[in-house]
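According to TrEMBL, the protein carries these features:
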REGION    1-36  region 'Disordered'
TRANSMEM  42-61  transmembrane segment
TRANSMEM  102-119  transmembrane segment
TRANSMEM  126-144  transmembrane segment
TRANSMEM  150-169  transmembrane segment
TRANSMEM  181-199  transmembrane segment
TRANSMEM  211-233  transmembrane segment
């Protein structure tokens with residue numbers, strides 16, 4: 001009779017099934033921002049280049065007394081000559097009436113440039129802003145002969161804010177947080193223009209400035225910027 005064969009030794013842990021519970025995202029998880037591809041980086045570069053094209057000539061002209069004296073006669077928006085001298089539709093943005101006027105618009109221009117980065121600007125938004133620049137100044141002819149002279153960046157800057165508000169709201173790939181910010185930006189812009197009451201006249205006296213503020217430029221800039229941005233966003237789809 002052969003001896004019994006011993007059973008094989010049972011290894012520690014054999015026959016034990018481990019159960020793993022998958023991790024679930026907690027309530028604090030946030031929607032990740034999409035990475036910028038080559039097209040998005042190119043659009044941001046163009047937006048910053050346009051910002052520089054607005055700000056640097058204004059800084060150069062405002063910093064040179066000789067250029068500052070010449071700029072009003074040759075570059076500022078003037079109703080009687082703007083169609084015969086169409087470069088004024090662009091150059092009017094570079095002319096400022098006082099050093100404080102220039103400083104305020106330079107700060108505003110830097111904020112609009114940063115808004116393009118934060119709001120994930122695309123090429124359609126860049127095109128909309130570039131078209132709104134001369135279109136805003138052309139639209140001011142509606143207010144002649146009441147409005148004879150205009151200078152400054154504010155109309156174009158209002159257009160830039162409106163363009164980016166539309167971009168943040170309508171971008172299909174935009175995170176929900178950016179859409180909410182864009183909506184808040186649009187509401188704030190509408191409230192500002194409403195408080196300025198441009199329908200009462202193209203200009204408004206302000207205790208903060210030594211000259212009348214052309215509130216019509218703010219309204220035209222914001223309106224044209226929004227319309228152009230919406231039109232180009234629709235065409236891209």
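For all residues, glycine too, the Cβ spot is worked out from N, Cα and C.
Any TrEMBL annotation is an automated prediction that lacks curation.
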Other parts of the chain folded back onto the transmembrane segment (181-199), taken as Cβ under 8 Å at six or more residues beyond its ends:
119, 158, 161-162, 164-169, 174, 213, 215-216, 218-219, 222, 226
Of the listed stretches 102-119, 126-144, 150-169, 211-233, which one has the most C-beta pairs under 8 A with the transmembrane segment (42-61)?
102-119
